[in-house]
Amino acid sequence: MTGLKTIAIAAGLLIAGTGYAAAPAAPTAPAVAAPAPAAVSATPPAAPAANNPALAQDGAYAMAPTAGIGQPVNGNIGIQPQVTSNGQRAHGFHDNILIPVITAVCALVLALLFWVMFRYNRRRNPVASKTSHNTAIEIVWTLAPVVILVLLAVPSIGLLQAQFKPAPDNAITLKAIGNQWYWSYQYPDNGGFEITANMLKEKGEVAAGERSRTDADGPRLLAVDNRIVLPVGVPIRLITTAQDVIHSWAVPAFWIKLDAVPGRLNETSFTIDKPGVYFGQCSELCGARHGYMPIAVEAVPLAQFNAWVQAKGGSVKGAKPSTAPAALAPTPAAAPADTTTGPVDNTTAAAPQTTQGATGNPAGAGTGQ
Ligand SMILES: [Cu+2]
């Protein structure tokens, strides 16, 4: 009998192997290819950012978060509404396939347990049966789980592959750097400027004159002093690394959770479908204040993103510098094409000083230790 079971398992593995090998062909029409490449470079340098009505007074942002979008909701047990194509795909996979399969398997096992308890108990069977094997049923209970797992593997591996599909050339790069205990960000495609995001403390917790959280900033423990801004409809190349220990950059509404490891660059890509404010948190236990290094992303139309970039002292990706004497340099020594795709310098500069110690880090936010 064991021989038969071995054959059945071997057959199952063979089928599983076939499913695995076939999977890479499955992914269809990745959404990252959608936006026109021209869109990134078309926008000319905009009007002085200080006059841009889309930006707040400090040149940061002027968008209030929407309840229930990009943030947790009391009593909710489902997945947050997804605003990336991978997220929507995963959400559908979870709700329409995984949950029904799990429910059906649990219900079947529970029903079998009750059947055994009531039909085959000692009272109803004073003389115990000597039955020990049943070939047909053993084939069924070996093959059925194998078939279920193979059927689940196909969409699952396709989704995994879509999540790690390299970003296209027109993507905008965001480099997220984890620090104990705040996030700093660089925009290598936009002049490499850097911003630091600290959690905003509550009203009673800040010193006089220091900025505290308001509802326009976001929920408690999730609002930050400097939100990062990303364009909608443009592929984003996310690169993560860390300054000290392992952190993890996670935003549930994007279906993104990527470890930030010191001395290493991790990469993934995504495209945000809808403007809005989306919150996340560090998702790798990284020390005493691990729970106080939130992430806040403001997704805005590309023109608004470009204005924000310029307000931060950065440059619009693909825009020609107006003063560059390009004509005088006929053969510029092949500039290092795209430093973000190669084995770039992974060391991040010393942590910048921030204007306020929102994290309550004893040494002052920005100096780490
Ligand atoms: Cu962390």
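Any Cβ shown, glycine's included, is placed from N, Cα and C.
Marked as signal peptide by TrEMBL: 1-21.
Look at TrEMBL and you will find 71-167 tagged as domain 'Cytochrome oxidase subunit II transmembrane region profile'.
Annotation source TrEMBL lists transmembrane segment at 97-118 (among others).
Positions annotated as transmembrane segment by TrEMBL: 139-160 (among others).
The average per-residue pLDDT of the prediction over the domain 'Cytochrome oxidase subunit II copper A binding' (169-311) is 93, rounded to a whole number. According to TrEMBL, the feature domain 'Cytochrome oxidase subunit II copper A binding' maps to 169-311.
Marked as compositional bias 'Low complexity' by TrEMBL: 319-362.
Sequence annotations record features per position, and here TrEMBL assigns region 'Disordered' to 319-369.
With DSSP states grouped into helix (H, G, I), strand (E, B) and coil, the domain 'Cytochrome oxidase subunit II transmembrane region profile' (71-167) comes out at 64 helix, 0 strand, 33 coil.
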